[in-house]
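Participant: I'd like to ask some things about the structure below.
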Amino acid sequence: MVGKNKTLQNTTNLRKEMESNINYRYSFKSIFAQSLALAGPCFIQTGIGIEITCSTIIIGALASNKSNNGLPPLTDEQASWFGSLLFLFTPLGSALSSLTLDHFGHKTCMIITNVPFIVSQIMFFYANSVGTLYACSMLMGISVGYSGGPSSAYIGEVCEPKLRGALMSATNVFYFVGSLLFTLIYAITLEWRLTVLIAMSIPIVTIAILFMTPQSPMWLLTKGEPLKAQQTLGKLRGWPSHETFSSKEFREMIAYTSTTMVHEDDDTEPDATSSWGQLLRPEVYRPFRLLLVYIFFANLLSGIQYVPYLVAVFTEFGAPVNVEFTLAFSVFLSTIGGIITIFLINKLGKRFLTLSTLLICSICYILIGLIGVYWTNSKPITSWLVLILFLTTTFMSSLGIMPIAWILLTEIFPMKSRNITCSAGGAMGYLISFFMIKYYLELSNFVNFYNTFTLFGISGLFGAVYFYFYLPETENKTLQEISEFFK
């Protein structure tokens, strides 16, 4: 026991020594190598963007009698289930992911996540009943849920602290790229079956890329393969000099993972040191609570509840525009916002971007609600005004609150519980989305379409107050420093 305590003390001292230098001086080759390693997660995000946009396109196509191909328009009840079932089944995918991630590793799990995606697209193409649409939505939900833990944990573990936020933001951009490609293909073809058939190429390409993707060095260390972990980290850092490589980041990585290994060997506190027991520790449940609150407000003010019904939303606004191309343009704005985040997040920090974008989105939502309810005598002007305000929230949410929610997921949990908490956090986030989407139509019918914007906007102001007091700045911090903050 004394030897184990000594080992733990040496590990702690080594970690403190290493924390003083988090900006490792690697060359451009290092940035390129890390970016190349994230190609697989980027394509996974592209696929997620397609999966989540599927219901928007299909519900809109069936409602407008465009290319129904034997399927009748969906009722409100059917549309709400079809649009929300994906989010209901993500926890199942996340649970499966958390059970298999430690054994198979990030790379294999990211490959597996594409299988239900491919099956769902094939079923969509041949769908001739509402039940088949439901089944496809369930499969996509499992796929999205299964991908969350492996891809998020992988990004957090392979990136340098100074690049983690920017590269995670870049990865999130591909979610919007997937949505943009899908909406553009439909806007051009006006055939939703052909659109899903073309989109099936994305998971196939993703699998091919992931076969060439390296495993996480931290995962390799936990599996007792330090030599392979060192070689993999060297590839991820562009093969810097041996002195720079071995004396800094790799030693810190060993210190970080060896703390976990020491805890696992110590059987005096099994409940406190097991992966599930860690969920009761302050450094785990405190960031988990913060993450759930963040995802709730990020979803609410990024308009996730409107997503499956965007065709109907744009029609309700009444602006004389082509709805299909307006939908594609809104996704284009999200893509631009995500790209800008890459360059701003390191300079402005996550805290500033969160507060500023959340406030802007809240104010825009309140204005949409007030204009829609009380300014009804100038319809041509107000229809354009509410559309512009809504597109503003689309841009601003993609610039801050939406991507930052998933960046926080990759970095605020300690390594011992990261696989479980990343999967559980992603699952809870999608479960929140399910309830927002499933019951949005009922809320809209109850309080009026425009009053939903006012209600969500006022809620966002309360969220901004909460984050002002409880959201820490995590940009350019090591994973260990972030974990220490929540203790």
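Glycine too: its Cβ is placed from the backbone N, Cα and C atoms.
Bear in mind that the values here come from a model prediction, so they are computed numbers and not experimental data.
According to TrEMBL:
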TRANSMEM  35-61  transmembrane segment
DOMAIN    35-475  domain 'Major facilitator superfamily (MFS) profile'
TRANSMEM  81-101  transmembrane segment
TRANSMEM  132-155  transmembrane segment
TRANSMEM  167-188  transmembrane segment
TRANSMEM  194-213  transmembrane segment
TRANSMEM  288-307  transmembrane segment
TRANSMEM  327-345  transmembrane segment
TRANSMEM  352-375  transmembrane segment
TRANSMEM  381-408  transmembrane segment
TRANSMEM  420-441  transmembrane segment
TRANSMEM  453-471  transmembrane segment
Participant: Take the transmembrane segment (352-375) and find every residue of the same chain, 6 or more past its ends, with a Cβ under 8 Å from one of its Cβ atoms.
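Facilitator: Distal contacts: 294, 297, 301-302, 341, 344-345, 382, 385-386, 389-390, 392-393, 396-397, 399-401, 404, 448-461, 463-464, 467-468, 471.
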Participant: With Cβ-Cβ distances below 8 Å as the criterion, list the same-chain residues six or more beyond the ends of the transmembrane segment (35-61) that contact it, or say none.
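Facilitator: Non-local partners: 67-68, 74, 79, 82-83, 86, 107, 110, 113-114, 117, 120, 124, 133, 136-137, 140, 143-144, 147, 151, 154-155, 158-159, 167, 170-183, 186, 190, 192, 195-196, 199, 202-203, 205-206, 209-210, 213-214, 236, 307-312, 323-324, 327, 331.
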Participant: Which residues, given as numbers and ranges, are at least 6 beyond the ends of the transmembrane segment (327-345) yet have a Cβ under 8 Å from it?
Facilitator: 53, 56, 60, 165-166, 169-170, 172-173, 175-177, 179-180, 183-184, 187, 310-311, 314, 353, 390-391, 394-400, 402-404, 407, 475
Participant: Restricting to CB pairs under 8 Å, which listed stretch, 81-101, 132-155, 167-188, 194-213, 381-408, is in contact most with the transmembrane segment (288-307)?
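Facilitator: Comparing 81-101, 132-155, 167-188, 194-213, 381-408 against the transmembrane segment (288-307), the winner is 381-408.
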Participant: Below 8 Å between Cβ atoms, which of the listed ranges 194-213, 381-408, 420-441 makes the most pairs with the transmembrane segment (81-101)?
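Facilitator: Stretch with maximum Cβ contacts: 420-441.
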Participant: Any idea what the model's mean pLDDT is for the domain 'Major facilitator superfamily (MFS) profile' (35-475)?
Facilitator: 85
